[in-house]
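These notes are about the structure you will find just below.
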């Protein structure tokens, strides 16, 4: 089937009142960026929906990219038809013959935005329903949940026919909720947290702590690859590598073993908050899931969070591990996340970390550190890399060249 346009429905944007125009403009920008590989496309966004004119581009290639753009409830590939009843009838019959298999039911859903057209919506439903039965006499009408829902829209310029409704990514357009710093480890949970934050409109920058030689180059690349998996949903991600070796060595030297993880996490949070301020972010996002590990009990969260007043978003905090894994598999981060490379949270992990650390003890042990100097040197050594679809493509080409 040769489609001529894709009709996009906004979903939650329809509830945004006075801010609606801003949300729609951001969505249009995000769609344009996601479909940048298709230069012939034209995008028209109005109050109720968006129309993507294909202009000869292949809908089969466009649809997978469009399905990852947050802010879209669903969309329908459509066929443009001359606004004359004989032409509309003929196309309806052609489409239903192509998609019908024995036992399927159908329904006609007509909408007439051009009120000068010869038939109203009810008239179109009746006329085109008759055309379907004429083409396939044995087909049955089903008004609720039909197998085939033929949608006809009569606009000023032409008539448009669609029969397929594809579920979108939902949520809000990325960029409408401000910027957040994602504490991206190499595990399963943090990429899922980033994905869920982006779904609510947050522009995410990834903060990753590296402690060479204790953590390897492969572990760092794994974190970058995880960030790359999130790129199709957002366009580009700034990957911020934080040198953490000196800090971890000093923590190990002066802090009792049971509090190593608590103090390590406090320093990570302090640094992430400092980076957030530098990068003009509003929130911190992490992959903490309540009581999953020692540093994620409520008592640990209290002892760690004390270092900042910045809001911390924990999208997976109440999820079971199986629920998190299900999303990780959906966004294709799971197999990558389970690769066995050490990260900063595991290299000096004590055999018996405190699950109920006391805040006063955490403050006492942290005071043994030269916080100002350690943080200043770490912040001076930040490495920021932009990860985009283009950089991912270049990496694939380099890997292929190495293989040859």
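Glycine is no exception: its Cβ is also placed from the backbone N, Cα and C atoms.
Binding of ATP is attributed by Swiss-Prot to 183, 184, 208, 209, 265, 287, and the same site annotation extends, among 218, 296, 299, to 296. Residue 296 (ATP binding site) carries a helical DSSP state (H, G or I). Secondary structure of the domain 'THUMP' (60-165) per DSSP, as helix, strand and coil residue counts: 37 helix, 31 strand, 38 coil.
DSSP assigns residue 265 (ATP binding site) to a helix. Other Cβ atoms within 10 Å of the Cβ of residue 184 (ATP binding site) number 28 in total over all chains. For residue 208 (ATP binding site), the Cβ neighbour count at a 10 Å cut-off comes to 26, with all displayed protein chains included. Cβ contacts within 10 Å of residue 287 (ATP binding site), excluding its own Cβ and spanning all protein chains shown: 24.
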